[in-house]
Amino acid sequence: MSTSEIEPLLREGDSGSPFQFTKEELASLVDPKDPDGLRKYGGTDQILKGLRVNSTDGLSSDEGLGENNKKGVPFRERRKYFGKNATSIRYFLTWERERVEKSHDVVLPDVASKSLFSLIWEAYQDKTLIMLSIAALFSLGVGISEDYSLRHPEDEPRVGWIEGTAILVAVAAVVLTNAINDYQKEKQFKKLNAKKEDRSVKLVRDGREQQISVHEINVGDILLLEPGDIVPVDGIYLSGHNLTCDESSATGESDALKKNDLESDGDPFILSGSKVLEGVGRVVVIAVGPYSYFGKTMMALRGDENTETPLQMKLDILAEHIAKLGMSAALLMLITLGLKYFITAAISHDDFPDAEEIAAALIQIIIQAITIVVVAVPEGLPMAVTLALAYATTQMLKDNNLVRVLSACETMGNATAVCSDKTGTLTQNKMTIVRGFLTGHEFNSVSEIEDWRKDVNQQTFDTIVEAIVTNSTAFEGKDENNKIDFIGSKTECALLGFCKALGIEYREIRNSYQFAKIYPFASKKKTMTTVIKLATPSKDGEYRVHVKGASEIVLGSCTRYIDGDGNVKELDSKTKGKFEKTIQNFAEGALRTICLGYRDVSSAECSKFDDDNPPNDNLICLGIVGIQDPLRPGVTESVKAFRKAGVYVRMITGDNLVTAKAIAKEAGILTKGVAITGPEFRKLSNDEQRKMVPRLQVLARSSPTDKTIVVKRLRELDEIVAVTGDGTNDGPALKLADVGFSMGITGTEVAKEASSIILMDDNFNSIINALKWGRAVNDSVRKFLQFQLTVNITAVVISFTSALLSDDNESVLTAVQLLWVNLIMDTLAALALATEPPTDDLLNRYPTLKTASLISYRMWKMIICEAIFQIIINLTLLHLGPAIFHLGDSKQDKILLGTIIFNTFVFLQVFNEINCRIIDDHLNVFKNIFNNHVFLIVQFVVITGQFLIVEFGGVAFGTTPLTWYQWLATVMIGSLSLPVGVIIRLFPNTCVPDRILNEERKPLVTHSEMRWDAAIHDVRNQLKVFGALRKVRRNSKHSEHPENIEESPESSESIESSDSEPVAVAPKKLNFADAVHALRPQNQ
């Protein structure tokens, strides 16, 4: 070995180097994988020694605490030397190596968020705003030159600069408002991302298993890996059982790789970003943060998704079409007013205007045309979606829905089917053993457990405890609320809780055994198996195989059982029937049943066990336990709410059919639909599955593959499907579904990565909140669309018409006034209508069709009729206003008339915004208005701003103060939007085809249809029973008087199938059992 090769081995004693290896040296072991390098460093044992860690006890939680660390921050020196773990993409993309190295802290800095100035600059990139700014600058230049020209009267104030300046200020206000909204939105999404990226991992510290945040992992920690974990750091394999990783997301290689220690010539390197497919393992962490494989290759980019949602894309297309129409209107206005100006000037008796006057007039026309573009282009549409999604996702987090994919929020609003797990989602996931039939002795409540313990002999009891404690990965530690509790599978926690209630300390027992093999729970096999070495060999061998899992599966693998006296006996059909009856009784009581079994094997037989197939055969049955997991409060109400909303709820569970049906009935899921097991469903052909799945309500004993098949069949029927899942194998179903809900507490990292939304509380009731928020987002966008198109049409028509009819080619609404209107209808209206909180009324309708237009017939009716009404009002005021308000032809009176029209126009929009809170034909537009505080605040800001503009806007806005009765008149005229809206909604829709009017998607099969089908099925069964009764009666008569009855083929066949001696059955003895007996041959 060369000097350079052995140098790291000698560094431990060097001054200033607290650890034997540098972060660069450790990181080089995995990129690329370098087993030779690991051997040169002295192997795994030397790595542990160099990192100052014990593989059994892990790091000490108080490492580094002392006089030199008065702030009480543990691991300061270790983190200073190796860095702190960080997994977010926003860290990697903004990592500044030099600054980090200077500060001696490799914690990756947070992303440098876009500054407000950069967002202002982005908002100003709008072409129409740039064009308007250029025109305003020209106007400013011309106005100043006119103010200081020789033709300007000395007694008049120089105000030519005001209009150009006012336009620039208005543009600045629009840009600044948009930028501030974007800034707030980015802050909200940043908080959501921070929440999304945090997760918990299991490791060993102080000799105990603990659960900590992924960001708290240090180099040298002993990490515990289980199926479904996404490895957050680089590590070296220490020990485990059948640990298999998928490194495709890290290396691109699709093959699953088994891990083993270096001494066995296996692959000991665990790459960050890889997924644990099966097995368990103990790993020493060697690289975190930017020095891990994950950090170097920026693997977090795999979660970086395009945030543009389908609704946003639809609105972008719609906005583009509207913008083209607006551009056409502006171009037409430019050409028309230009021609009108030159024609009027040519036929006028006055002198033809000079170049300066022509330039000023043309600039004025151009400004009006560009302003029309600004008003017509609905830049608020995409912003409305963004605001609605930003607000909804923030509020959904309060409802325990963490949105990972923005499009899922709006998609969920139109979901038609929900496929839900049972455990922890519909139920509370607070499992307790309440009944049991173990070693021939039974208990039927928690209070009877102590009495059961007294009846069981000690040796048998020890075997039961051994089976529970050793064949488990659950452990006792601090939960997320910092309370001592069992952590892990809730079933295993219930079993350990059973032992704890009997005074058993599980750690001492678990640590006293040597584990030969562990086969973790697999949803395909529905069992978990552990092989342990016995301290005292039994007569059958030195090793013991413990198995637990689904009762009928484990019981089917048993050939013997332990009786009440502790004796091992053959499992005959009678005893097996007793066990099956016990399982049936427990299941009918909505209990999850678990069977415990074991067998002893020799060392020779144990050495033949492979790592893939657990030795679950020839077992000795210890007994059955019934675990209670009560329904969550409110589940039944949520199921009813889903049904009312046209969303079909299906329960897909691994429990047996009897338990599943009992719980589904209690939850209100199983009514008159189909309940079937996964294996039975898989046997059906694709067409048969498609025919059954609309009526499917319960799928029991299902595997993740079954869940994927159900989702696939539903999507083939054009359903919008939401699915819940928590396991690694649920990933395909979660990805395939339109909306995937993973469990935040019990869900694996693979499931969370595959999902669109994470249920932070694993609660089914949170899904109904997601449905309401999804519908609220879609409704909010449509409300804003209805409002904006009404204002667009009205403003463009009024500006164009008034400019065309005026003598001086000027619109009654000035450019600055239109910019204020644009601010009202874009930014502020989006803020007001996009933040409408959801109500229970959203659940009183069925989902909207996929093919439904963004603008419904009812919306078009409101938009067109309301726009026509507003145009008529404003044009009437333009021509009859002087007579109504007693105004003359003076310049001041013209300004006053323009102010009245402007004020009326704005208040028409203020009241129409209230009108647009409803997009259907309901009349009460004020319903729940006080629940939306943002709407009320925006309305207050608009009214206040309008008052200040009218009273103090003066020359800049082209306004003059109004008297109190003029204010009252304009507000009253504006309020007519509300009664007109009521009248429009009352217009009959009888002439409109139902396919246009009705946008709701009807269920494939309604509950009334299922009840009708069930009734028909019941009638058919009853007819079969009556037929069977008649058949039994004929047989009985034939047995009594065979000489009087001519044999029919049917009766002859019945006699032949009977015993040799005839059995006489009197008619009065006929019962249902006889009928069922007669039916059996027909059913087979």
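Glycine residues also receive a Cβ, built from the backbone N, Cα and C atoms like all the rest.
If you look up TrEMBL, you'll see 164-181 (among others) marked as transmembrane segment.
Taken from TrEMBL, the feature domain 'P-type ATPase A' applies to 197-299. Residues in the domain 'P-type ATPase A' (197-299) partition by DSSP class (helix H, G, I; strand E, B; coil) as 19 helix, 50 strand, 34 coil.
Outside the transmembrane segment (322-343), and at least 6 residues removed from its termini, the chain residues within Cβ reach (under 8 Å) are 361-362, 365-366, 368-370, 372-373, 375-378, 789, 792, 796, 799-800, 803-804, 809. Positions annotated as transmembrane segment by TrEMBL: 322-343 (among others).
Taken from TrEMBL, the feature domain 'Cation-transporting P-type ATPase C-terminal' applies to 811-987.
The transmembrane segment annotation in TrEMBL covers 855-875 (among others).
Within the chain carrying the transmembrane segment (895-914), a Cβ under 8 angstroms from the stretch's Cβ atoms is held by residues 787, 790-791, 794-795, 798, 812-814, 817, 820-821, 824-825, 829, 832-833, 866, 870, 873-874, 877-878, 881-882, 885, 887, 925-926, 929, 939, 942-943, 946, 950, 958-960, 962, 966-967, 969-971, 973-978, 981, all 6 or more beyond its ends. Residues annotated as transmembrane segment in TrEMBL: 895-914 (among others).
Away from its own ends, the transmembrane segment (934-958) comes close to residues 159, 162-163, 165-166, 169, 814, 816-817, 820, 824, 828-829, 831-833, 835-836, 895, 898-899, 902-903, 906-907, 910, 913-914, 917 of its chain (Cβ-Cβ under 8 Å, at least six residues beyond either end). Residues annotated as transmembrane segment in TrEMBL: 934-958 (among others).
Taken from TrEMBL, the feature transmembrane segment covers 964-987 (among others).
The region 'Disordered' annotation in TrEMBL covers 1034-1063.
The compositional bias 'Low complexity' annotation in TrEMBL covers 1051-1061.
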Residues of the parent chain within Cβ reach of the transmembrane segment (855-875), under 8 Å, 6 or more residues beyond its termini: 782, 785-786, 789-790, 793-794, 797-798, 801-802, 812, 901, 904-905, 908, 912, 915-916, 919-921, 973, 976-977, 980-981, 984-985, 987, 989, 992, 996-997, 999
Predicted model, mean pLDDT over the domain 'Cation-transporting P-type ATPase C-terminal' (811-987): 86
